[in-house]
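Written below as structure tokens is the structure these notes are about.
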């Protein structure tokens, strides 16, 4: 089925600016961790537009219109969403659609997630679904949009064409998104408005203006090239590159082509807007060429040795949506120009964007060249492997482990467990019980709260291995608050008594050898571990019994080298899996989502061919570190049978 029109604004006049009388629907969107643009609700978009009209460089507090978004603010100048409690920053964009499209009519299409709540589709998909719905198509194939889903309008369900899993979907009416008329106001470009009078001479303004000057001079040069072609520029060779405006919020250029003048530098710089890949920008700029003044000279477009292509305009003021492409090889970068690998949209890379940006500003203001490069993408998976090439791990029986629902162990009397691992103390030392914080010579702080016939509040016991002392009643209270699996863990030194088990939900663990080597282990094949846990309902051992829990990112693939130490780690991981210690249910430190399956303090390597995220190879300390983490969970090498 052909993909219906997406309703996106089509660039006109060669620059992407619509006629003055064209109405457009504005949708603000943020980028999630998967690189997908997710729309804000119509109410939030109205709020952002209202703030934008008053101060185009201001800050939008999203909690003022939606209580669930209380931690979030949007900085309109940098076009980033900032989460105040975690410090997470995400790019935002301002997108335009036709008034007759779904957002213009207030139509929202949603699918039912694992928690039973409804999640809106990406706006482009929503527009496509609505178009098909209005044309009374019985079904819609989303393959053309990069999704293996089939939408059935008769049954109102979405089917995954690979797994055949079905989800309900619904169409509901909501507030229509804000409508604007005419071209993008100049106040939305960066910097806002025109400069008047003498510029500020403070150090901060000098640094900022020098960077802005560099950005806009490059853009002015390319715009002059677009308007004037190669006329008057006899040294220029090659074809004229068409300028394409991104359909996101890019604003207008600060300097017009007529006010731009040629300078002595002969370096053609290329920048890209829109959604191109690969990014490098070479800035051999001098502060002498860009003084702090309203009108700045531009870089010459003539016969440079570093000829690059422009794909968009004035997106340098938006770090989150920059896409910088370089048409020449890396060898074209002059020697001595420092390269800063920048952590960008994927969140990976050795240099944080803020640090890289400040470094670029300082070096540019000092007249030093700087080359910003985006860190390469992590290699998460090996090349495709045939099933016949997956071999059992030597020395380990089978290739799969499966856990089912395990009920709490019965018959484990808390008093019996505590007495098994402690011995009574007659002469109590004059120190605190670190559980109730009362003196050991006094009665337990749980006196009157917890009562056990055989244990008096003043009794003190010493743990057998580590020798730490506590009120016996306090140890009983601690055991009752735990997993009640017959094991005890010293709250001071974490020594484990008995066999510790966890609260990992049911699932399966597979492991096999694949014929590829990991970085740092060229002489060994690799062990691949595949964990798969489905979503389900929490039981009494979990934080919210009876409530649904989600399981994001499964199946999860992890890797070990196929050598003696790697096989030893695998044996212990299998033991930890059997004891339900690999995963637990809690709050994700990455997404902030609660009631979801998360790792349980035993680190795994999920990046196969690189180590850009810190979860890959080479990492020669990893195997020793994970052995230490397993030992802390009570899964030590002494548990292995020879």
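Just so you know, glycine gets a Cβ as well, placed from its N, Cα and C.
The domain 'WWE' annotation in TrEMBL covers 14-94 (among others).
If you take every residue in the domain 'WWE' (95-171) and average the pLDDT, you get 90. Among the features that TrEMBL reports, domain 'WWE' is placed at 95-171 (among others).
The feature region 'Disordered' is assigned by TrEMBL to 382-413.
Annotation comment: TrEMBL describes 399-411 as compositional bias 'Basic residues'.
With DSSP classes pooled into helix, strand and coil, the tally for the domain 'RING-type' (433-494) is 9 helix, 12 strand, 41 coil. Residues or ranges marked as domain 'RING-type' in TrEMBL: 433-494.
Taking H, G and I as helix, E and B as strand and the rest as coil, DSSP gives the domain 'WWE' (95-171) the counts 19 helix, 29 strand, 29 coil.
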